[in-house]
């Protein structure tokens, strides 16, 4: 048996370089590179291996460990989970910084390989710099915190353990039903220790991503439900995107006259102009989808997790006879809501079910309802995009601090409303541009208002809704699709939380366009707070008032364009729609990353449409407005499913 003496880290690099995936007969390299921020716990181990021979892996220099891991997640997502960039860090704080990104990847079922350094396996120098010591268990390190947020976790305490650890890591990373974050913890001494690794460990491995078909019994059980239903609705989830099942879903829906509601993850799997596509569904959904969903007697969930935002906390479907049918690779997700399930690939299952329903001559009983719902939403879209600031202006959101809007207007001299800005942006940028989002009020506006005609052009992280994802993910999406314009759309709150990978985008000459909506606060949480009877507390960006000792002083102005200019970006400030349009046009011409600081009036985002969100309200309060909000919530909850 032939073997080669190598360090653990050298063997890891060689192994990663030989991983491939095959999908629908197309073979592709799986691991394209490694993000890293070197520290003492990784630089002389894995760092030495990469310096000696990176093979065909590209090394990227991150600026923040969470940021680089978000970029890697977005790279994998934009590649439909068939390409990854691994992430390595030092021990302690560097590793801990990646925990949030690990959770983000796992919630969204996106493959993310994390390689954090760890304290010494021998324990000889304990406590090493940045090591946590727990008196009840010396085996615990910072890296144990990855366990709850990863789909696979391992620690390589001996060089020979690397083999089983990495084979299992690849098993999970390439499994569409189980994928998510994988953490392989690398003690810093073990990284440099050597072993006679067998050559067969380094052979080219092609991980086949297959299209399993549900068993026949499941199909016929679901068929018997569907054929007796008159008003079904399909929920298009992220599984449709990753299965590349958009065409199959469109044909299925149009053949049987079944309307489609999109989740955040499923959006852009099919065209917005598709006659059956009603658009976003649920809490952040639009009027068309939610009105149709309310009366549906059957919900067909395709590749969806049925999150609370999709089901409006299980209150959206009000027909007492409603039943649920699912197509999902994951039996766990397929079984939710007491669904009759088909456990398998979305495309294969849709095509097989299509043939079965065709034999039954099935057609839904909808007449003009689908078309009328789409027309009504088009009219609402026109209204939203044409909302302008004028005398006696009343913003969309009614629950608010009355003074905030005029104070912000006076401070910035802006007249831009959030919905009109989004309408203009959609009009100005190319159809095949990729937009990236994650948090705040913008995902709701985008799910409702953004129309997609180009496949996979809508990149939204709304499983973990992680503030700070947007810019790093914009960079990751650009790495995945360098020929397209990428726009990271985010609020000032999210920008302030994390924007470090802007520097990496400049370093790599990968242009990202940042559309920063500045309304001087955490706008959507302020809406949630005040709409439930609570006061305006710590959700606007205000100075501490020396007289009241509270955060109710004046608004804090920030010149985001000026700050970003210092990083080397081409920047703009927009205070009216003409300035915004000119900035968008000029930004397209630039070769370097850009930032448009869009000053948007508070409370001018969209509101909900026929939906409710279950949040944990106070049962008792001295404020009658809070008590009233709780009573209303309790009333709605009575009509929602219990599980």
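Numbers here mean position along the shown chain, with the first residue as 1.
Any Cβ shown, glycine's included, is placed from N, Cα and C.
Positions annotated as thiamine diphosphate binding site by Swiss-Prot, on the basis of sequence analysis: 65. Cβ neighbours of residue 65 (thiamine diphosphate binding site) (same chain, under 8 Å, six or more residues apart in sequence): 37, 87, 89, 94, 95, 97, 98, 101.
The region 'Thiamine pyrophosphate binding' annotation in Swiss-Prot covers 441-521, and the record cites sequence analysis as its basis.
Spatially close to residue 519 (Mg(2+) binding site) yet at least six residues away along the chain are 408, 418, 491, 492, 600, 601, 602, judged by Cβ distances under 8 angstroms. As annotated by Swiss-Prot, Mg(2+) binding site applies to 492, 519, with the evidence given as sequence analysis.
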Neighbour count (Cβ, 10 Å) for residue 492 (Mg(2+) binding site): 23
Local confidence of the prediction over the region 'Thiamine pyrophosphate binding' (441-521), expressed as mean pLDDT: 98
Residue 519 (Mg(2+) binding site) in three-state DSSP notation: coil
